[in-house]
Amino acid sequence: IIPFLTVDDELSIPEGEEDLETAVKAVRDQTDATECTTQTQRVRSAKHPVLKIPEVVDDFLRNYLVKMGMKRTLDCFQIEWFEMGHKGLMKTDVMKLVPDVYTHNQLLDNELKNVQRERDSYKQAAFEAGETIVKLQRERDFHRMQHKRVVQEKNRLIEDIKKLKKHYASYDPALRQLNEKYRTAVRQKMLVTLKSPNTPHQREKIQKSPEKGAHLSCDNIASNYVIKDPNKNTRHPKDSEFPASTRVNPYLPQIKALSSLNTKSANFSLFRSLKAHTMAVSFLTLHPRKMIVASSSDDQLWRLWGIPEGEMIMTGKGHTDWLSSCSFHPSGGYLGTTSGDTTVKIWDFAQGRCVLSLEGHIHTTWACSFHSCGDFVASCSMDNTAKVWDLNSERCRWTLRGHVDSVNSISFLPFSNILLTCSADKTLSLWDARAGLCAQTFYGHKHSCNYTTFNATGDTVASCDSFGVVKLWDVRNVSAMVTIDTGPHPSNQVAFNPNGRILVVASNDGTVKLVEVLSLHMSSVIAHEDAVQSVIFDHKGEYLLSAGSDGAIHIWS
């Protein structure tokens, strides 16, 4: 039996231990403390006995009769007692006080009654405590049942999750297969779009290799693709004719429309990063019409990428040494590559292989560029020469001699017969591709020129050298307009944006420097962990792409 606790009793149970056993223990501890206090009070009462309270006989009798309820006897006693006292018959000397034992008995009787009342209250408290215990036990049983139900639901959910995981795992092979099919379909779609829309007669301008293979390889190129006598200028039946020089660039209206855009160099931020090759990326070139970029690398591979998503479309392998550059054919269906193996190779996307290998240089070929008509490709080499190749007759039409050191870059002015070259002999030259003669030479650099390019309108040339000096040249006056020092680290490539207002420089210190042509304000962004080798803009100037020696391609927007 647990004693009853009043409202005034102070009983506290620690948080987190509110269970039945803790409550019962706390109640018992409180009861033991109460009993110890009561016993202490009783011991103190025993040590201090009740003082003697003398009481006369008549008062004792009256109190006794009142307590017993004997009213008539009390009346008779009082009448007789007062009559005797009034008549003088009361013997006062005989009258004594009532002994103390009667007083003690009375006190003990009162204490007994008090103890009985306490006993009844304790019984009531014990009964109520019993009811509370039963109630708590019922609540405990209810919570136990709830806990068991929750545990059962949790175990059932765990089993369901395991089954779902197992079921999901069974879909992995199918998902991988579907993903691979999707990627293959996307690549095939891109390849279909890369195919030239020209007629079969025009497609025969580039000789096809007689062997067919699934991999992009040049191991089986026919021996008649080799240019045996590149300096022979006699007429060949299949020689192509250079178009007239009076042609107008059809993209000039678009260029003028882009020139109205207010492009700020500081707006570019990193959009996406691609781990494109396992070794340094040497060059980037943009498809003439589509958002596709080709990259060449020291790992002897070239690759096609869809931008800005950065999905790889195709990989080509066939050179026996590192690749130095690449260039798209104007139709978009072919790619030209140059390499340390001294060759220039032409790749057909539709056939997925190399279809022409041009041999004639005696040292590393650095770059190549297609004529806008698509019948000619020009290449430059470390052997101090540049060559103009006829893709129909598969022979060298001209060998351009004039530089006294390695020719590092070459490019056709769009829709013209003018070639632009730069050399380690610190000069730039303009050539007439029809006659193979040098028309103008630009002097001004004090170090080896690494790269040069035209702006979109063709009236300005930008060049950079191995000491980080960038120059802008006026083609009409054959003079330097602006000199910008971005050194002391070498500059590897320069490129204009489509409207010609921004010039970007690929620097050897891992940064891309952006120069506003009008104000000459220069800013730079840390682009790569190693030297930046190539930079290009997309068709509208919305994206800037950079490639570096760390094997990565970064897309900036």
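Note that Cβ sites are derived from N, Cα and C of the backbone, with glycine treated the same way.
For 105-167, the entry in TrEMBL reads coiled coil.
Same-chain neighbours of the repeat 'WD' (274-315): 183, 186-187, 190-191, 193-194, 216, 321-328, 330-332, 335, 337, 339, 347, 349, 352, 367, 530-531, 533-539, 543, 545-555, 557, counting only residues six or more beyond its ends whose CB sits under 8 Å from a CB of the stretch. Under the heading repeat 'WD', TrEMBL lists 274-315 (among others).
Sequence annotations record features per position, and here TrEMBL assigns repeat 'WD' to 316-357 (among others).
In the repeat 'WD' (358-399), the DSSP tally of helix, strand and coil residues is 0 helix, 25 strand, 17 coil. The annotation repeat 'WD' is assigned in TrEMBL to 358-399 (among others).
Secondary structure by DSSP for the repeat 'WD' (400-441): 0 helix, 25 strand, 17 coil. Positions annotated as repeat 'WD' by TrEMBL: 400-441 (among others).
Here TrEMBL flags 442-483 (among others) as repeat 'WD'. With a cut-off of 8 Å between Cβ atoms, the residues of this chain six or more beyond the repeat 'WD' (442-483) that come close are 249, 251-252, 255, 405-406, 408-409, 411, 413-414, 416, 420-430, 489-496, 498-500, 503, 505, 507-508, 515, 517, 520.
Secondary structure of the repeat 'WD' (525-557) per DSSP, as helix, strand and coil residue counts: 0 helix, 18 strand, 15 coil. Annotation comment: TrEMBL describes 525-557 (among others) as repeat 'WD'.
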Write out how many residues of the repeat 'WD' (442-483) are helix, how many strand and how many coil, based on DSSP. 0 helix, 25 strand, 17 coil
Do you know the mean pLDDT across the repeat 'WD' (316-357)? 92
